[in-house]
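Peer 1: I'd like to ask some things about the structure below.
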Amino acid sequence: MSVYAVGLTGGIACGKSLLAQLFEALNTTVVDADIIARQVVEPGPVLNCIVARFGSKILRADGCLDRRFLRQRVFADVAERKALEAIVHPVIRSGLKQAAAAAAGPYVLVVIPLLAEAGGRIGYPWLQRILVVDAIPEVQHARLMQRDSIDAEQASLMIAAQIGRKERLAIADDIVFNDGDPVHLGGQVCNLDARYRALASVFSDVD
């Protein structure tokens with residue numbers, strides 16, 4: 001793939017969406033796995049496969065996927081979650097690659113929440129660089145409770161369901177620490193944007 005692609009990931013409530021917005025403000029093209037995931041499960045062949053595996057109870061009255069119902073079902077059962085991932089993840093990966101390849105600009109930022117779970121570049125070998133946004137567990141926990149209006153126990157369960165912080169940081173080429181200071185965060189993003197533009201210019205010359 002000729003475009004210089006940077007993968008962005010991070011734990012839940014660490015600030016992936018905020019970081020993506022800051023990069024967009026610098027005229028960086030952003031491709032988001034969550035958006036593609038929503039498109040993938042619209043009525044069509046992928047949704048038909050999901051219904052065949054999980055039953056029609058996962059559908060709303062209008063025939064669309066009841067995302068909240070399915071999320072609650074697979075969250076409580078690892079085997080069910082893996083079955084769902086086996087259906088949707090290959091399609092999402094393909095969609096991400098296509099969208100990234102079509103992106104304009106010197107580089108593209110690809111937001112992939114489960115990048116570490118996919119093995120980093122093992123799952124996405126076309127990424128040239130991986131950026132992880134990180135926050136200390138206490139801050140992450142508090143943000144999640146506030147964002148989703150949930151109690152401490154629910155927040156802990158949601159965080160525990162993800163890959164560990166250590167494993168996520170291990171795949172990083174670059175790390176942004178989101179400590180809640182917008183000036184500090186913006187400065188980190190500006191520095192990284194300049195670095196990625198420089199790397200992309202060299203990559204374009206030799207690709």
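Including glycine, each Cβ sits where the backbone N, Cα and C put it.
Pasting the feature list from Swiss-Prot:
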BINDING   Ala13, Cys14, Gly15, Lys16, Ser17, Leu18  ATP binding site
DOMAIN    5-203  domain 'DPCK'
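Could you give the neighbours, burial and distances for every feature on this list?
Peer 2: Within the same chain, residues at least 6 positions away in sequence whose Cβ sits under 8 Å from that of Gly15 (ATP binding site) are Val133, Ala135, Val176, Asn178, Leu185.
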Peer 1: For Ala13 (ATP binding site), which residues in the same chain are close in space, meaning a Cβ under 8 Å from its Cβ, but six or more apart along the sequence?
Peer 2: Ala135, Gln140, His141, Arg143, Leu144, Arg147
Peer 1: Around the ATP site (Ala13, Cys14, Gly15, Lys16, Ser17, Leu18), what further same-chain residues have their C-beta within 8 angstroms of the site's C-beta centre?
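Peer 2: What remains near the Cβ centre is Gly10, Leu19, Val133, Arg143, Asn178.
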Peer 1: Identify, in sequence order, the residues in the chain of Ser17 (ATP binding site) that are 6 or more apart from it along the sequence and have a CB within less than 8 Å of its CB; answer 'none' if there are none.
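Peer 2: Listed in sequence order: Val111.
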Peer 1: Any idea which of the binding-site residues Cys14, Leu18 has the thinnest Cβ neighbourhood at 10 Å?
Peer 2: Leu18
